[in-house]
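Here's the feature list from Swiss-Prot:
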BINDING   117, 118, 119, 120, 121, 122, 123  ATP binding site
């Protein structure tokens, strides 16, 4: 693919947008950058970085003429395909792709493990990377995890193994992207404000299998009703994982106290499930998925076992922060939907003080409210969805909730009522964009406020 002299419009100036602009400029493209923010809303340092790589820069509104004269459009994951300028580009026959697709077209290595799903993506992606790094020298973990794929393609070789976390938004804009291993961890309602309905969301996730050939592998969760039904759409060799016993070839499963793998007709014991360092049933699921993703690499069970005994999880996912007077504080800012936060609540058998609420993605809180009533002694609600969650709690007669203005107030009040043995858990069940730049910022502020107590 020759970019020299091509006019490429890059839409969205977050991490992947800036990385795409940098790459395109280096390869001789004429780069036009656009972000919907007003110029005064963008940080000075960010603007200065963009100007290094952009020949033209637009804020807030994009003239149709700019789209009309572009040879290609590269969009960031946060940009909906329904935007006027995207629709116009399609109408004009201009190719619209994302950073993942752009990176793939310049990637020399075909050793790509791509992982998607509603929940568990970051933990599983990181874990797969840790297992592979025990055996292979050149393993790169990137993607939606916070490190754009495009930043690493030029330094890669034929032997590089990429482990890429991919969101449904990123999968919407692939065309030729073909992983060696594609995995869907689970699918539950999420991002319905963007995808409009579950069918569209499922179709976006399924695209991870779209270009896999006979030499590739599709990894699926048999314990999730939606992903189980996708087995007929999976391509290449299908690998399944389940917390239940299985006699299926090419599978990872639990039998009694042990995790087993069945690959190429050979059944092997991997480890005791209770030896996994990370707590919670959801992390058992993430572990099984990770073992499934590395099956094609034929790694010794002892190496996998050692990694899983040592792996402590990822930041913002049921992350232990501090214990004060017998009260433990956990940061689960990555709980951005009710399924993820439900799993966090179910990870504890002690009284929980919950901090929840945030940006409204259109999800129902009915089931989540019932679980709160069973597991939570008090919940502090904040953000755009606080009234929506409160309404569901009131419907079932649960009144132990309180509205707070911000996260600092929530932490302070939680500590004031907590008793020895309690857990204070930030698990919002919502995205962060109403009050914070990202779930990472929300989680780090939570940790800051806890450490200031």
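Placed from the backbone N, Cα and C atoms, the Cβ positions cover glycine too.
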Within 8 Å of the Cβ centroid of the ATP site residues 117, 118, 119, 120, 121, 122, 123, which other residues of the same chain have their Cβ?
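Other same-chain residues near the ATP site: 115, 124, 185, 186, 286, 340.
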Please give me the CB contact count at 10 A for residue 122 (ATP binding site), counting all chains in the structure.
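By my count, 22.
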Does residue 120 (ATP binding site) have same-chain partners at least 6 apart in sequence with Cβ under 8 Å from its own Cβ, and which are they?
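Result: 185, 186, 282, 285, 286, 289.
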